[in-house]
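Take a look at the structure set out below.
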Amino acid sequence: MRAKKMFFGFSVSLILINLASIMERADENLLPAVYKEVSAAFNAVLAIGTVFWAVSTGAVGVSQYFQQVAFWRAVNGLGLAIVIPALQSFIADSYKDGTRGAGFGLLSLIGSIGGIGGSILATIMAGRDYWGLPGWRFAFLMVAFLSLLIGLLVYFYTVDPRKVSPSHFGDDEDHHERSHLIGNGIFPPQSIWKDSWIAARSVMKVRTFQIIVLQGIVGSLPWTAVVFFTMWFELIGFDNSSSAALNSMFAIGCASGSFLGGVIADRLSKYYPDSARIMCAQFSAFMGIPFSWILLTVIPQSVDYWSAFAVTLFLMGITISWCATCANNPMFAEVVPPKHRTMIYAFDRAFEGSFASLAAPAVGMVTEKIYGYNAKTVNLENGSVAGAYALSRGLLTMMIVPFGLCFLFYSPLYFVFKRDRENVRRLPSVKEQELI
């Protein structure tokens with residue numbers, strides 16, 4: 001058993017995990033990536049995934065053709081798909097039930113700093129040359145080098161929390177589970193693929209997982225629609241720097257809110273363990289409705305109201321960014337056994353990410369077909385009153401309706417979360433066959 005290493009009172013493993021989160025988000029914000037799912041042994045998985053995204057990010061920096069960029073971004077997506085569920089599983093294993101919200105919130109906050117840093121880095125370096133290299137290429141190569149370095153540090157120095165306490169997470173659990181099944185005439189599958197299939201089916205049948213994924217599919221639509229904010233600001237008449245500043249205000253609000261929501265839910269869950277996280281998530285989803293309405297309809301669409309937009313975006317970001325850290329991620333950790341946590345986070349990301357990709361074209365269709373937006377008559381450089389109005393109404397539709405449905409879809413958790421959590425806690429180890 002490897003002992004935890006400390007650095008100025010902080011776990012070295014947690015420091016490295018948060019550094020990996022920074023690089024993941026910085027890399028992600030250099031160019032949009034794709035996501036899938038996978039799960040396995042922690043150190044090797046994180047190291048392999050980080051190498052994938054480091055090599056692919058560097059390759060983008062030296063690519064000469066679009067096909068090369070597309071290929072290496074696909075490889076980058078594979079790396080991110082490997083790393084992100086493993087990061088979430090590590091946080092779930094590292095914190096107790098009543099503190100996971102703060103853990104996930106801190107990971108999100110630090111990751112957001114990486115995302116903002118990646119955007120700023122790309123913007124600053126894009127128009128310059130460094131040692132004969134165009135700035136954008138140098139930015140990709142620099143992020144690739146740092147990602148590779150952190151991947152190596154994670155592999156050699158991070159300790160899987162499941163190995164720190166073998167009485168809870170180690171081989172004893174698997175031994176007792178196997179003995180129990182054989183004693184009842186049930187023989188565990190010999191094939192790792194069959195074993196994985198049974199585990200996947202058991203995760204998919206958890207009601208809490210099904211409900212959170214359902215609300216996540218709908219709740220992720222407004223966040224994908226947010227990518228149109230920059231275009232909307234430019235249609236109003238804001239220049240690039242003003243639009244970027246407004247987006248930064250929203251990003252800072254979201255980063256702060258994700259941590260704040262996790263902490264608040266942790267505190268309330270001590271008094272209301274069965275419902276506090278659900279209430280916090282519903283509050284966050286509901287707040288998306290009034291803030292979207294104020295932002296898109298109440299504030300006059302004029303460059304004279306930059307301050308009003310900035311304040312509204314900041315407050316909106318603080319209040320609507322709670323769901324993942326206050327409820328979804330901490331609750332996932334409580335309704336499956338520790339060895340299946342990476343899998344449940346991977347499935348959640350796969351389902352939500354796949355459906356969320358439909359939001360952007362949906363906004364375009366609603367804006368054009370219902371509100372009469374015509375891209376051919378719009379000039380982003382000079383702004384367009386009619387274009388800004390049409391786009392704002394399309395965004396309003398694709399934000400208020402999903403936020404409202406998300407609020408409603410959380411409600412069944414009041415009845416199923418407690419039962420699913422107790423099913424895991426009641427048994428020394430959760431038997432997959434009993435969940436099927």
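Placement of Cβ uses the backbone N, Cα and C atoms for every residue, glycine included.
As annotated by TrEMBL, signal peptide applies to 1-22.
Among the features that TrEMBL reports, domain 'Major facilitator superfamily (MFS) profile' is placed at 1-405.
Annotation comment: TrEMBL describes 41-62 (among others) as transmembrane segment.
Here TrEMBL flags 104-126 (among others) as transmembrane segment.
TrEMBL lists 138-157 (among others) with the feature transmembrane segment.
TrEMBL lists 211-233 (among others) with the feature transmembrane segment. Away from its own ends, the transmembrane segment (211-233) comes close to residues 242-244, 246-247, 250, 285, 288, 292, 309, 323, 327-328, 331-332, 347-348, 351-353, 355-360, 362-363, 380, 388, 391-392, 394-395, 398-399, 402-403, 405-406, 409-410, 412-413, 416 of its chain (Cβ-Cβ under 8 Å, at least six residues beyond either end).
Through the fold, the transmembrane segment (245-264) approaches residues 100-106, 108-109, 112-113, 115-116, 226, 229-230, 233, 238, 280, 284, 306, 309-310, 313-326, 330 of its own chain, all at least 6 residues removed from its boundaries and within a Cβ separation under 8 Å. Annotation source TrEMBL lists transmembrane segment at 245-264 (among others).
According to TrEMBL, the transmembrane segment annotation covers 276-296 (among others).
Summarising the annotation, TrEMBL assigns transmembrane segment to 303-322 (among others).
As annotated by TrEMBL, transmembrane segment applies to 395-417 (among others). Beyond the ends of the transmembrane segment (395-417), by six or more residues, the same chain brings 207-208, 211-212, 214-215, 218-219, 221-222, 225, 228-229, 232, 274-275, 278, 281-282, 285-286, 288-289, 292-293, 296-297, 320, 323, 327, 331, 335, 359, 362-363, 366-367, 370 to within a C-beta distance below 8 angstroms of the stretch.
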